[in-house]
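K.L.:
One structure coming up, written as C-alpha cells, with questions to follow.
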Amino acid sequence: MNLLQRKVLRTGLVGNIQKCQLFGTTSTLQQNQAEAQAKSTIDSKDVHHHEGLMKTWWDELGPIKPLHSMNLVRVPFIRDGLVPCSPEERNAAPLHNKKILDVGCGGGILSEALAKIGASVTGIDAGKALIDLAIEHSKMNPKLGNNLPSYICTSVEDHCKERKNYYDAVVASEVIEHVNNQELFLKSCIEAVKTGGKIFITTPNRSRATQFFGIFLAEYVFNLIPKGTHQYEKFLTVPELTFLLERNNCHVESTCGLIYRPLSNKWEFSTSQLIMFALQARKLE
Amino acid sequence: MLKTNIQSIISLRKLSSSQNASIKGSYDVIIAGGGMVGCTLACAMGKKALLSNLKVLLLEGSLSQRFELKQEYSNRVVALNQNTKSLMKSLQVWEHVEKMRLQPVRYMQVWDACSDALISFSSSDILDDDVAYIVENDVLLHAIDKELKTSDVKNVEIVYGAKIAGYELPQINSQNSESIVKMSNGDTYKCQLLIGADGANSAVRKAMGVQYLSWNYDQMGVVATLHLAEETENTTAWQRFLPTGPVAFLPLDSKRSSLVWSTTHAHAKELLKLPDEQFVDALNDAMWKQYPRRGAVDACTMWVGGLLRRAGLPDGAERQLPPSVRAIAPASRAAFPFAFGHSTKYIAPGVVLVGDAAHRVHPLAGQGVNLGFGDVKDLTDLLADALYTGLDISHHSWLQSYESLRQRHNVPTQLAIDALYRLYSLDIAPLVLVRSLGLQLTNAFHPIKIGLYDDGTPAAQA
C-alpha cells in the first residue's frame, strides 16, 4: 500500500481531509500552536491535562487505575522482549544492567515497576509537576531500594541529543497518541536506543471500535478514564506505526493486541489488535 | 497527684515496652500449619529460585518428632496422583519416599454391591504410568521434612509447638498489608503474606471471616492395617460400594493392605468394639457377601453388557477377585468422621488459604490431599510469576488468579465427589440402575475414563 492509497483510505475513515495529515502535526485546531512547536513533539494541552491528575495519580484504584493494572501486561511484555529467560533461570531482577528510557513517564507508574525488577530507568516527561511527583513518590517507595529511576523534565527530542545510542530499550507506553509530530517523536526514540536495542510501544489502534469503546464509552458514558484523555485523530493503526518505524531503520519484531476489561480492571493479551496493541521493534545497524 | 502521675508513667512504659518486645520477627511469608501441605509449601518456597529470597516462617503446633520407620505400617495413608508425584519429584522429596516405602497402584477395580456394574483402571490405560501411589502420612511428612532441613532450603525458619493466640489481618483498602500473628506466649510475628495451611478447622479462615459452606456426612471412616490371606504382587486397589458406604483396600506391600471402610456412625462404633477375629469376618463379608439383587437392574446391565460385547467394547464381565483378609495388625483400628467443606473465598488482602483450610472432601476418591498439593503448585507458580513481574508479594492480582484457578479446579471435583457419595448412599432401584449403567458405560469408553483420570486419581484415601 503506497502513501497515497493510505491517505485515501484514511480520508474515507475520518472524513476530514484536514485531520488526515498522517505525518504532520495532527489537528487543525492546534495548527497555530503546532507551528510554534514545529520542532517539538509536546502538545501543551495534553501536558496540562495530566498535571491536573496529580493527586490521584498514584491511587491504584483511582481515576487512572487502568494504567496501574496495565503494568501486569506491559511489564512482562517489555521484560520478555528484552531478556528471554527459561523458567529455571529466572531471578527477581531480570532487567539488571538494562538501561531503559521511559518516554512520557508521567507519575512514574511504569518506571517504578521496571526499576523494581532491576532496570536502570530514566523517566522523561514534559510536565514539571509530574516529574516532581514521580521523584517524590520514588523516594517514598521502600521497595525500590537503591535503584531509583532518574527523572528528567524534558522532551525526547532534546534528551536524545545528550544520550545518543545509549539505551538498551526505549519504552513509549500510551504516549505516542498524545504527541504532535509523531515521526519526529519516533526518530528521537530511535536515536536514543543502541543499535540492536529494543523499542516498545503500546497505544490504541485507530479504529471505530476504539472510538466507540475507548473514547465514547470509557470517557463520556462510564467515566472510566478522564474526559479528554484521547483524541481519535492522534491514534495510529498498526501498519502506520510499523511503516513509521521501518522507514526509520527499525525492524518490527512483534505486535500483539491488548484488551482491557473494565469490570475486573484486568488487561489481557489478545489476538485482536482492533482496540489496542503493543509493538516491539529492534533498531537495525 | 504525684502518685497518679508516676503510675501513668509506669503504665505508659509498660505499654511501650510491651509494644517493642512484641514484634519478635518480621517475615515476608508466614505459613500457619506444618502439616503435609504447609511443609510442602515451605519446601517449595525454599527450592524455587524466585522464592528463595523470601523470608519464610513456618508455625507448627506440635513438637518436633523423631521419625523412625517402623516394621508395621501406619494406619493413615494417602493415595498420591501423578500430579502430586511430579510436584514431589521437583522438590526432591519423592526420592526420600522411594527410599523409605511406597506402593504403586497399577490396577484399580471399583464395583457396586447392588449390581454387576464395575469400572476398572489399569496403568496401561493411562500412558503406562501407575494409577496412584499409596504412601503413609508420616512417611510422606518425614520425607518433606527431611528435604526442608537440607542446606538447599535456607530461607525457612520453623517454630515447633507454636500456639497461636490470634491473628490481626490487614483491613480491606488499607495501604498496610501486614498481618500480625500473636502467639500465646506473648511473641508476635509480622508478615506481608499469611498463608493458612491449618486444616479443616482453620483459625486463619475464621479470622478472615469468610463464609464456609460445610456439612458432615452421615459416615465415618474405619481404618486398619490388614494382613492378607495370600501373598500376591498386590498392586491393585479395591473399592466396593455397599449400601452403607464404600469399603476400600489399598495395597501396602505383598502381604498387607490398608483399609478404609466408610460406614454409618453406629456401625463404625460397633466395628471398633468387635474383637479382632470378628472384625476380620465382618470385613470379609463386606468385600464378598452377595447383596440382594433386583431382577430389573440385572436384566438391564446384562443387556447393555451384551451390546457392548457385540460392539467390541469391554462389558465389565471380566472381574478380578479381591483378596481375603487373614488378620489385622494389632491396635491399628481407628475411626474418624467425614465432612464436606468449601470456603467461598480462598483469599483476603495479604492472606491466602491452602489445602483443607480451603476445601474438604469425602475421601472416597482419594482427592483431599492431592487438591491441597495442587494448591501448593499453583500458588508457588503464580507467586514466582508475580515476583518476576516485580509485583508485591501480597499483590491482589496474583492472589485473585490463585483463587479463581484453584476454585475452578477444586469446586467441580468436590461436587463430583459429593454427587458420587449421594449416588451410592441410597439403595433404591432407579438409582441403582442409573449408577450401574453409568459405571458400565464409563468403563467401556476409554476416552471418558482417561478424562476421569485427568481430573484426579480415583483411588481411596484415608
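Glycine is treated like the rest: Cβ placed from N, Cα and C.
In case it helps, TrEMBL gives these features for our protein:
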BINDING   A:ARG74, A:GLY104, A:ASP125, A:SER173  S-adenosyl-L-methionine binding site
BINDING   A:GLU174, A:GLU177, A:HIS178  Mg(2+) binding site
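On this model, are these features tucked inside or out on the surface, and what's nearby?
P.N.:
The Cβ of A:ARG74 (S-adenosyl-L-methionine binding site) lies under 8 Å from the Cβ of A:LEU110, A:SER173, A:PHE200, A:THR202, A:ALA278, each of which sits 6+ residues away along the same chain.
The secondary structure of A:GLU177 (Mg(2+) binding site), as reduced to three states from DSSP, is helical.
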K.L.:
Taking only the Cα atoms, work out how far A:ASP125 (S-adenosyl-L-methionine binding site) lies from A:HIS178 (Mg(2+) binding site), in Å, as a whole number.
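P.N.:
That separation, Cα to Cα, works out to 12 Å.
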K.L.:
When a 10 Å sphere is centred on the Cβ of A:HIS178 (Mg(2+) binding site), how many other Cβ atoms does it contain?
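P.N.:
24, counting other Cβ atoms within 10 Å of A:HIS178 (Mg(2+) binding site).
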K.L.:
Rounded to a whole number, how many Å is the Cα of A:GLU177 (Mg(2+) binding site) away from the Cα of A:GLY104 (S-adenosyl-L-methionine binding site)?
P.N.:
11
K.L.:
Counting all other Cβ atoms within 10 Å across every protein chain shown, which of the binding-site residues A:ASP125, A:SER173 scores highest?
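P.N.:
Comparing the binding-site residues A:ASP125, A:SER173, the most crowded Cβ belongs to A:ASP125.
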K.L.:
Centre the Cβ atoms of A:GLU174, A:GLU177, A:HIS178, go out 8 Å, and tell me which other residues of that chain have a Cβ in range of the Mg(2+) site.
P.N.:
A:GLY104, A:VAL175, A:ILE176, A:VAL179, A:THR203, A:PRO204, A:HIS230, A:LYS234
K.L.:
Cα-Cα, whole number of Å: A:HIS178 (Mg(2+) binding site) versus A:GLY104 (S-adenosyl-L-methionine binding site)?
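P.N.:
Distance (Cα to Cα, whole Å): 9 Å.
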K.L.:
Whole-number answer please: how many Å between the C-alpha atoms of A:GLY104 (S-adenosyl-L-methionine binding site) and A:GLU174 (Mg(2+) binding site)?
P.N.:
8
K.L.:
List the residues of the same chain that sit at least 6 positions away from A:GLU174 (Mg(2+) binding site) in sequence and have their Cβ under 8 Å from its Cβ, in sequence order, or write 'none'.
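P.N.:
Within the chain, A:GLU174 (Mg(2+) binding site) has Cβ neighbours under 8 Å at A:LEU67, A:MET70, A:GLY104, A:THR202, A:THR203.
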